[in-house]
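Taken verbatim from Swiss-Prot:
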DOMAIN    39-263  domain 'ABC transporter'
BINDING   Gly71, Arg72, Ser73, Gly74, Cys75, Gly76, Lys77, Ser78  ATP binding site
Amino acid sequence: MQMYPVEQAALVELEAGLARREAAQPAAEAPRKAGGVALHVRQVVKRYDGREVLHNVALDVAPGEFLAIVGRSGCGKSTLLRLVAGLEAADGGSITVDGESAAKGRARHADVRVMFQDARLLPWKRVLDNVALGLPRTRRGEAADVLAQVGLADRAREWPARLSGGQRQRVALARALVHHPQLLLLDEPLGALDALTRIEMQGLIESLWRRLGFTALLVTHDVSEAVALADRIVLIEDGRIAMDERVALARPRERGAAGFAQLEAAVLKRVMRQAPQAQVPSHAGAHADPAATTAPLNVSWAA
């Protein structure tokens, strides 16, 4: 994967920031207790260049719940995830994570982790060192334990460039989970993987979520993925919540089952019901949902 200078500079800054944080941590720091947190979104508004991308969005997610957000490209779903993560500030309304504001710069970094479509591994660090970023030295052994949980114990000393796309995403997942997040934000994390690898990763994410109990918020274009993983599926259309559907299917879910296929078809039909928006001229810029294509460079992604 080609890395542009600005991306490489961001990775260097990330590594330096994590090193500073590690040095400031008490040597005997213990991992946080596992479990999920409540998320409350209240009448949130977000504008780009005067255009509203999110319109009075209101949403509640219970502790330990798995919520999937679907919708067409540019509908605002990635923007909402960035606001929840504290990567950007809303122009109106409020977002709280476990009762604390998620406003830009105030999100509780220790309890929230984000996993993107690009694993964003540091290419000059081996796999185990990527997972251990930000951990105090007394907890480095946990990185190896989590690598084993995602099935990569034998790749600990490999360089990221030698891994497949699915393996890199497993490392990114391990890097997030080693910090015991109480809220895991997933922004199309499996979008670049082949179909079989996607299904394997979905099973891995579900099994770890069920065991660890964190709250999960998944943004995806894949309705089948949403049905497979989520307790609820929310559809965003033109910056508004157009559907909030509970998934009343027993786990683990079978894609060939009649109930699974029926719900997938119903949600997909609802997503497709909206007519596509007129294409934005190239000279006008893409302001519909910049978060869908712009990689954040000032955050600790899944680290």
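Placement of Cβ uses the backbone N, Cα and C atoms for every residue, glycine included.
Around Gly71 (ATP binding site), the same-chain residues at least 6 positions away in sequence with a Cβ under 8 Å from its Cβ are Lys77, Leu235, Ile236, Glu237, Val271. Other C-beta atoms found within 10 angstroms of the C-beta of Lys77 (ATP binding site) number 27, with every protein chain shown included. Each residue in the domain 'ABC transporter' (39-263) has a pLDDT score, and their mean in this model is 93. Under DSSP, Ser78 (ATP binding site) is assigned to a helix (H, G or I) in the three-state scheme. The local packing around Arg72 (ATP binding site), expressed as other Cβ atoms within 10 Å of its Cβ over all shown chains, amounts to 20. When each of the binding-site residues Gly74, Gly76 is scored by how many other Cβ atoms sit within 10 Å of its Cβ, Gly74 comes out lowest. In the three-state DSSP classification, Gly71 (ATP binding site) falls within coil.
If you draw a 10 Å sphere around the CB of Cys75 (ATP binding site), it holds 26 other CB atoms from the protein chains shown.
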